[in-house]
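So that you can see what the record holds, here are the features copied from TrEMBL:
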type	residues	note
DOMAIN	47-491	domain 'Major facilitator superfamily (MFS) profile'
TRANSMEM	45-65	transmembrane segment
TRANSMEM	85-105	transmembrane segment
TRANSMEM	112-132	transmembrane segment
TRANSMEM	138-161	transmembrane segment
TRANSMEM	173-192	transmembrane segment
TRANSMEM	204-224	transmembrane segment
TRANSMEM	281-304	transmembrane segment
TRANSMEM	324-346	transmembrane segment
TRANSMEM	358-378	transmembrane segment
TRANSMEM	384-409	transmembrane segment
TRANSMEM	421-444	transmembrane segment
TRANSMEM	464-487	transmembrane segment
Amino acid sequence: MQEHEDTGLLLQPQLEGQDYGAAAADGTQGPSVSVSRNSPTKRDCLVVAVLCFGNLINFIDWFIVPGILLNIQKYFGLSDGETGLLQTVFTLCYMLAAPIFGYLGDRYNRKIILGAGIFFWSGVTLGSSFITESHYRIFVLSRGLVGIGSASYSTIAPTIIADLFEEGKRTTVLSIFYIFIPVGSGCGYILAAGVAESTGDWHWAFRVTPCMGGLALLLLILLVPHRIQRRTAAHRARSISGTIRREMPDEKPDAHRTAKTTWCQDVGSLVQNCSFVCSSLGLTAMAFVTGALGVWMPLFLYRAQVVLGIVPPCLQESCNSSNSLMFGGITIGTGILGIIAGAEAARRLRKINNKADPLICATSMFISALCLYIALMVAQTNILSTFIFIAFGELFLSVNWAVVTDILLYVVTPRRQSTAIALQILVSHLLGDAGSPYLIGIISNAVQARNVPSLQWSFRSMQYSFVTCAFVGVLGGAFFLLTSFYIEEDREEAQRL
């Protein structure tokens, strides 16, 4: 029987554990990476570097809009509710696409999916820079399409890292990968505000990242192997037998039915995993808070400064973007420190407590909620204190990113990890940051409608809306605390499978 596993076609299923280092049909060695269990190779490090660069660009694109939100709101003449809808549409499309890419990532060539996603979202971002003020709905649609492209990356890239490194090294590498969430987010604010201020036209902010996306695509093509071996020998045996069945023409209908049945079984198994469910709900609370902060905090700080008389109201074409620059810097600094601190705390505390990961997440969520509430209460009297408490709130939120992902990777069996990540993305965004920016905007509109229009109530409406985030942060801490009751049992179960 001829071998066809290294053709590289997206339509050729790629299953867990398959040995992609096998010889190609012509007898030559196909480009592949086998999993090194002892020490990472130079190629492994290059792959991680390329994935981190792509993650950086991914999150820069996420936060270009919040970085110039005041300009966009003024350009299209939007209310707070309509402004929040921009990020909500982006996130909704992102989360709806995530399960599809999770399914594809578990079965097909991941490199091709990643490359297609980068090309798609970069092209749409560039196109959105030419939309005029009379086509607001097209601008909203473009943000949704960017969300679809981004979903391919966030769903699949972590699973490649999981296949390249053992559990001990995986936490460190994932921490490096997830550092680029806050770094990319902060760079999004800084790049958008800086480009808008230097050019006098916020549209140019959408013309920089497509160039970076092109570079990431080129690096992906040149440096990332076409095939990366999945983990575990047991899964490899099942995958090889599945491949033989797919090569038999009369078995194709059964193969499709089997794939559908397997996916349903995977979802059913994940729903019964208490650690996965509770940690995903905790992540949902994190997403709710970070989504609302990411979109509205620069505008909230601007309104607070207007009330305090620090800056004048924006009456010109190009609005003051200093808050976006400062908030971007805070996001980068606290994100790097938080993720490093979280990974190091988890590494040390696991040695003395098997429940360390969820307890770290719970503690950081409670502290973050408190800091955020204090920041909101002092905003009208002392803007410096507001910046300080916002920084601490973001710092403790960032502690959880790598730790939450590592929880998923050791309580879920490897062959279900892409599906698990996709479901976690779906849930966390559906109940989290998909709705929080729009909800904050709607509450702000409602408060303003009940009072006489003024700069004071423009600020207070946003202040009252943000109190919701502090409450959700406490709720997230409770879910992580609940995860600690099940973590040991679910981890042992995943290791047995």
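Each residue, glycine too, has its Cβ placed from N, Cα and C.
Computed from a predicted structure; not experimentally measured.
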Which residues of the same chain, at least 6 past either end of the transmembrane segment (138-161), have a Cβ under 8 Å from a Cβ in it? 47-48, 51, 54-55, 58, 61-62, 65, 76, 85-87, 89-95, 97-98, 100-102, 105, 110, 113-114, 116-118, 120-122, 124-125, 127-128, 131, 170, 173-174, 177, 228, 405, 409, 417-418, 421-422, 425
Check the transmembrane segment (204-224) against the transmembrane segment (112-132) for contact, please; criterion is three or more CB pairs under 8 Å, pairs 6 or more apart in sequence. yes
Ranking 173-192, 324-346, 358-378, 384-409 by Cβ pairs under 8 Å to the transmembrane segment (281-304), which is first? 384-409
Long-range neighbours of the transmembrane segment (464-487), counting only residues six or more past its ends (CB under 8 A): 274-275, 278-279, 281-286, 288-289, 292-293, 296, 300, 354-355, 357-359, 361-366, 368-370, 372-373, 376, 400, 407, 411, 436, 439-441, 443-444, 447
For the transmembrane segment (384-409), distant same-chain residues with Cβ under 8 A (at least six beyond the ends): 158, 162, 167, 170-171, 174-175, 177-178, 181-182, 275-276, 279-280, 282-283, 286, 289-290, 293, 297, 301, 304, 326-327, 330-331, 333-335, 337-339, 341-343, 345-346, 357-358, 360-361, 364-365, 367-369, 371-372, 374-376, 378, 417, 420-421, 424, 480, 483, 487
Most CB pairs under 8 Å with the transmembrane segment (112-132): which of 45-65, 85-105, 173-192, 324-346? 45-65
Which whole-number mean pLDDT does the model give the domain 'Major facilitator superfamily (MFS) profile' (47-491)? 84
Sequence-distant contacts of the transmembrane segment (45-65), meaning Cβ under 8 Å and at least 6 residues beyond its ends, amount to 33, 72, 86-87, 90, 114, 118, 121-122, 125, 143, 146, 150, 153-154, 157, 160-161, 164, 173, 176-181, 183-189, 191-192, 205-206, 209, 212-213, 215-216, 219-220, 223-225, 228, 294-295, 328
Sequence-remote partners of the transmembrane segment (85-105) [C-beta within less than 8 Å, at least six residues beyond its ends]: 62, 65-66, 72, 113, 117, 139-141, 143-148, 150-152, 154-156, 159, 263, 291, 294-295, 418-423, 425-426, 428-430, 433-435, 437-438, 441
